[in-house]
Amino acid sequence: MSVALQELGGGGNMVEYKRATLRDEDAPETPVEGGASPDAVEAGFRKRTSRLLGLHTQLELVLAGVSLLLAALLLGCLVALGVQYHRDPSHSTCLTEACIRVAGKILESLDRGVSPCEDFYQFSCGGWIRRNPLPDGRSRWNTFNSLWDQNQAILKHLLENTTFNSSSEAERKTQRFYLSCLQVERIEELGAQPLRDLIDKIGGWNVTGPWDQDNFMEVLKAVAGTYRATPFFTVYVSADSKSSNSNIIQVDQSGLFLPSRDYYLNRTANEKVLTAYLDYMEELGMLLGGQPTSTREQMRQVLELEIQLANITVPQDQRRDEEKIYHKMSIAELQALAPSMDWLEFLSFLLSPLELGDSEPVVVYGTDYLQQVSELINRTEPSVLNNYLIWNLVQKTTSSLDHRFESAQEKLLETLYGTKKSCTPRWQTCISNTDDALGFALGSLFVKATFDRQSKEIAEGMISEIRAAFEEALGHLVWMDEKTRQAAKEKADAIYDMIGFPDFILEPKELDDVYDGYEVSEDSFFQNMLNLYNFSAKVMADQLRKPPSRDQWSMTPQTVNAYYLPTKNEIVFPAGILQAPFYTCNHPKALNFGGIGVVMGHELTHAFDDQGREYDKEGNLRPWWQNESLAAFRNHTACIEEQYSQYQVNGEKLNGRQTLGENIADNGGLKAAYNAYKAWLRKHGEEQQLPAVGLTNHQLFFVGFAQVWCSVRTPESSHEGLVTDPHSPARFRVLGTLSNSRDFLRHFGCPVGSPMNSGQLCEVW
């Protein structure tokens, strides 16, 4: 399990946390009725000037004289201010180019028409929201998206360089993969044939033609093993939560195509989505050779099977206590639990050439689910099982086929997210695909082209300061007993941080070894993807008999994100996020602590959220809290859960339980970063203020934090986030966190009873 800062997009093994152009930023605001735009003022001035030069009336000459006098007085004031500034050794205002630029960006993002004590998110982001309408093809737009677009543009330039010549075979594979994705003419020429051939190789599909009726296990092994789809369940190799120095086979629930079980079960509210999904299933089936009438009926049966899976799928908010859902057993015991398939045969194929026996240990997350899946398989018609298994393969591979498949998907995405994927340039899609396939080789190119090594040293220093601030606050918690407090301090001390990138990516031999065995051709994008699935299966098998590597990264260097991994007790900050607006070396420290500092505090606090707190300093899942402190912790977190459950988006309430861990991390991260900033000021003295913004540096810290989360989103995407995302929506990551901050309320003078100060603060760390 990994915890990431912000969801950036769908899919993938990581919880993804998951951005505006210069043109959008420079676009003038639409003037309100009765107001004047900058253009209107400029036009009026020009008209008056032409009349002045043409008529020279006495009144106009007098006015001109007065204007010149006022201009002279203003110039005199500016000169006086300049003299005073140079005589002032403290130089309390920062007038460097960097300070002036960032002050301008902050000012254009603000909405001065809103009181910070009424709605701090609107105060901080109202201007940004006006200037940043959703770009075509996007269901949401924010700082993370903007920065990822910048990173993608850099990678595009590097990969399309005609003089590309690398000593690393892995880097050459990266360019070949990217170019194969760009070969649209070749992809169109092949059409659906590559997938048709693959389906025939596996044994056929009842939707499109003859199929082998007695090959359930063979099809399951091919679909879930060779091609890494996840029908019914997902199998992976990862660190054992209760013995984190060893890897183990793990099995968990899976098998739904739509983002959440809610889309299947709340059929009235999601009728449009379910209809669009069935239309999509039918269209893909026909593109692969199915007949209209029979295809729709067979795909309707697959959809009904997915609805039954949704019924037994455990909601994410009920899976937050890993102690309760962790079940270690042998393959023999797994066989007894879910006897509808041969688990030893399946896992032996999946992890070939390793030899497995009935006594091989497995961790199962959700025994009730697997038991019910087994019963569901037993009572389902073989033809429906075949259709469902091949459908899982189809949906995994169609993004590598011609435009007809993309057009079919676009209709579903528009219903699901309110956006059209076709608006996304092909090169951006190909950069994302390359990042998924050869992310660390791509990261090598990115780091060598962009990363300032000094950033790594500065980031390490900031982490130390934030860790110290967190531990100091730990010492003042009245609800925690001394034994638990000491253990918590030891865990905080033991948190391992990784910054920028893993060292191996800059060593060509080591980088090549990582991708050794992955064959990449410039001629066949579809085959490159199949080779990737097969290669990833082999990599997974290779990990089982090896101990987890402390220095193994779960995120590529160019990613705009960060994460905490409880089984390693480590926090990771890729190079992709160590940039403006999160961090810039020549910006005020208030902004850096409010940006990347809060990110660091957020990830550190994950070690002590409702899930991370179950792991000890060695990364093992075990009880290490005293009962009194645990009860007090739960009381404090209940306040957070209740608070966030009251927030609404488009009339739909947040799930305070589902978002609890991230909300704890947001609140704790802000507090740790602000305390670290105060400690920095005590050591270095007050820093210069930005010109024109009218904010103290303490206020600037909170504005900088809030503006990281400026965001726009379609209603459909907002709904999807509410039912799937462990993070609260951006607006409430700001409002919820700051309304619990005594420091924020003090520096902005928000009285009790104002919208930002209810008088009841929820505080855990």
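Numbering starts at 1 and runs along the chain as displayed.
Quick reminder: no glycine exception, Cβ is built from N, Cα and C everywhere.
Checking the candidates Cys750, Cys762 against Swiss-Prot, the cysteine paired with Cys117 through a disulfide bond is Cys750. Per Swiss-Prot, the candidate among Glu522, Glu652, Glu662 that belongs to the Zn(2+) site alongside His602, His606 is Glu662. Checking Cys99, Cys125, Cys181, Cys423 against Swiss-Prot, the residue bonded to Cys710 by a disulphide is Cys125. Disulfide pairing as given by Swiss-Prot: among Cys99, Cys181, Cys585, Cys639, Cys430 connects to Cys181. Here Cys639 is paired by Swiss-Prot through a disulfide bond, and of Cys423, Cys762 its partner is Cys762. Among the candidates Cys77, Cys94, the disulfide partner that Swiss-Prot records for Cys99 is Cys94. Calculated from their C-alpha atoms, the gap between Asn161 (N-linked glycosylation site) and Asn534 (N-linked glycosylation site) amounts to 30 Å.
Here the candidates are the disulfide-bonded residues Cys99, Cys430, Cys762. The one whose C-alpha lies nearest to that of Asp666 (active site, proton donor) is Cys762. In this structure, the CA atom of Asn165 (N-linked glycosylation site) is 20 Å away from the CA atom of Cys181 (disulfide bond). The 10 Å shell around the Cβ of Cys99 (disulfide bond) contains 20 further Cβ atoms across the protein chains shown. If you compare Cα positions, Asn627 (N-linked glycosylation site) sits closest to Cys762 out of the recorded positions Asn378, Cys430, Cys762. Candidate disulfide-bonded residues: Cys117, Cys430, Cys639, Cys710, Cys762. Fewest other C-beta atoms within 10 angstroms, Cys639. Each of the glycosylation sites Asn266, Asn311, Asn534, Asn627, Asn635 was assessed for Cβ neighbours inside 10 Å, and the highest tally belongs to Asn534. Less than 8 angstroms from the CB of Asn206 (N-linked glycosylation site) sit Gln298, Ser383, Asn386, Asn387, Ile390, each of them six or more residues away in the same chain. The recorded positions shown are Cys99, Asn311, Asn378, Asn534; of these, the one with its CA atom nearest the CA of Cys117 (disulfide bond) is Cys99. In the predicted model, the topological domain 'Lumenal' (82-765) has a mean pLDDT of 94.
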